[in-house]
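Student: Before anything else, here's the structure in question.
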There are 2 protein chains.
Amino acid sequence: MKKVNVAVVGATGMVGRTFLKVLEERQFPIENVYFFSSKKSAGSTITFAGKNYVVEELTETAFDGKNIQIALFSAGGATSEKFAPIAASKGIIVVDNSAQWRMDPDVPLIVPEVNPEAIKEIKKGIIANPNCSTIQAMVPLKPLYEKYGLKRIVFSTYQAVSGSGVRGVKDLEDGIAGKPNQFYPHPIAFNCLPHIDVFMDNGYTKEEMKMINETKKIFNDDSIKVTATTVRVPVRGAHSESINVEFNKPFELEDVVEAIKNTEGVVLVDNPAKDEYPLAVDAEGHDEVFVGRIRRDFSVDNGINLWVVADNIRKGAATNAVQIAELLVKNDLV
Amino acid sequence: MKKVNVAVVGATGMVGRTFLKVLEERQFPIENVYFFSSKKSAGSTITFAGKNYVVEELTETAFDGKNIQIALFSAGGATSEKFAPIAASKGIIVVDNSAQWRMDPDVPLIVPEVNPEAIKEIKKGIIANPNCSTIQAMVPLKPLYEKYGLKRIVFSTYQAVSGSGVRGVKDLEDGIAGKPNQFYPHPIAFNCLPHIDVFMDNGYTKEEMKMINETKKIFNDDSIKVTATTVRVPVRGAHSESINVEFNKPFELEDVVEAIKNTEGVVLVDNPAKDEYPLAVDAEGHDEVFVGRIRRDFSVDNGINLWVVADNIRKGAATNAVQIAELLVKNDLV
């Protein structure tokens, strides 16, 4: 496979560090790699594939003279807003993990198992990585969308503190040790916070609106009705989701289970008789989406309930972004 | 108010001990009180209202000669199955906290703020206390049922380990300390278990079926469609619930909020601008049901989402049972 020059922007954050692991594990075809961060973390050393690299400060000229083809960004919305267009203007394709560009009609929003064809619609040199809680839900819903159509989805999430980066993990650890929370507005230890990202005027959080809007964009279908309640729970890594789905068409439950089981990137864990169902502690550190508790919803004509768990830093962020980069290479787009 | 003779069966368990607190706090009109437990805990001493009592072993003749009028049972389904009819045969009215009698058509299932009129249907001397996760949901749904009718409800729960009694709390504490789980089939520390009570043939857990069936019985309306996913989370006390509701009729959101706010037993905590919403750590130790995050569900014609939190040992068990006992006294049924 052709080798490419890659930049990792936000290399020292939680997702950034996972980018490195995933690039190595998946043997992404790297020729040269460059690491960038804010001024604060610049100068630190990163070990990648057995070699040491010095992290460079991200500036407007930082990409120059390096012949970078793909930049994986995970440095927050403000950094993406400013630097993704700069990178793109230099011919670099940006895969951006922030929310900044996701709903831009000229920016593809991609889950590689779901809408890989969107890779062909790159218009401004930027591809967006969807929100973590959206990504993991899309993977098992894809085959069901194709077979039955998705009429309506009700999401209730159980999201890990790693989604807030090191600050979230520290708040949980501090809370368990009896120390006060510093990042979240309320204690997260022994508690559930129905509050992820900021509140919007309509009463929903931005996280909830991401799930609602990104689902429609990824399936390229505004007819899908979606609502969501997103909740932070005292779990370290991996988000769990209770998903209630109504299809447009009737179904046989065994066909639904079979379709999910055969979906790329999914591991079916669904044997209640043996107490087997997806669990956050089992999903942590893995790239797959774990699906179980699949059962008919008797309260509606064509509905099911399911329970979907994935590592939010891997499939929900770094792994999905690296998979998008792989699509770029495979499709000769870099 | 008339004073009555009360028995507490299962006095040494987590709910049993809370019965004592709630009876004291609410100044329940007690003449004499008797405490019963299994052989294992019999002989231990209980302090109630400043006096010491010896816990007696529950036997077939244990109630004799005491002129007991009300027995509060919280000793599990098997004990209730055997001893509630024995108590009833001696003229005692049993308020039972187990699942044993809840769906019996001759046994009223009561949330006093919701269906107090059911108290008049006592046919076999037994009244059932609903499941914890059901009780707290019913309280804010009552005014909405009356105003708009309930078409369909989708429950996703976030339930505390205290719902499993001392064994659940110990598993959480042990897990955090790095010790293995002894009660739950998987670790509960830093994890979410989509598994409460046993699995049924239809793929639902018994806990989920309780929410589905008890909702219809409490509202005395089989036309309400209900589905549920019930999940154990690493929270010590108080269950949280993400509730999605479809009404039969259109509504104004402000009317919904007003109706919930004015409901007996509800505390409205719904000010996202100030990061105010119901939280498990705030609800613990309180008798009220805390409701917030009330917002229109734009995915359906007449829907809302809301977030409901209550102490599962108090309103979800002991407090609700004592309120039922208060209804018995008020209605001169004992």
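Note: Cβ is positioned from N, Cα and C throughout, glycine not excepted.
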Student: Among B:Asn302, B:Asn305, B:Asn312, which residue does TrEMBL annotate as binding NADP(+) at the site that also has B:Thr12, B:Gly13, B:Met14, B:Val15, B:Lys40, B:Ser41, B:Ser162, B:Gly163?
Tutor: B:Asn312
Student: Should B:Met14 (NADP(+) binding site) be counted as helix, strand, or coil on the basis of DSSP?
Tutor: helix
Student: Tell me, in order along the sequence, which recorded positions from B:Met14, B:Lys40, B:Arg102, B:Cys132, B:His239 have their CA within 10 Å of B:Arg232 (substrate binding site).
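Tutor: Those close enough are B:His239.
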Student: Look at each of the recorded positions, B:Met14, B:Cys132, and point out the one with the fewest other Cβ atoms around it within 10 Å.
Tutor: B:Met14
Student: If you count, for each of the binding-site residues B:Thr12, B:Gln159, B:Ser162, B:Asn312, the other Cβ atoms lying within 10 Å of its Cβ, which residue has the minimum?
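Tutor: Across B:Thr12, B:Gln159, B:Ser162, B:Asn312, these binding-site residues, the one with fewest Cβ atoms within 10 Å is B:Thr12.
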Student: Reduce the DSSP letter at B:Arg102 (phosphate binding site) to three states and note it down.
Tutor: coil
Student: If you run through the domain 'Semialdehyde dehydrogenase NAD-binding' (B:5-122) with DSSP, how many residues end up as helix, strand and coil?
Tutor: 31 helix, 32 strand, 55 coil
Student: Please identify, from the recorded positions B:Lys40, B:Arg232, B:His239, the residue with the sparsest Cβ neighbourhood, meaning fewest other Cβ atoms within 10 angstroms.
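Tutor: It is B:Lys40 that, of the recorded positions B:Lys40, B:Arg232, B:His239, has the fewest other Cβ atoms within 10 Å.
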Student: From the Cα of B:Cys132 (active site, acyl-thioester intermediate) across to the Cα of B:Arg102 (phosphate binding site), what is the distance in angstrom?
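Tutor: Roughly 12 Å, rounded to the nearest whole number.
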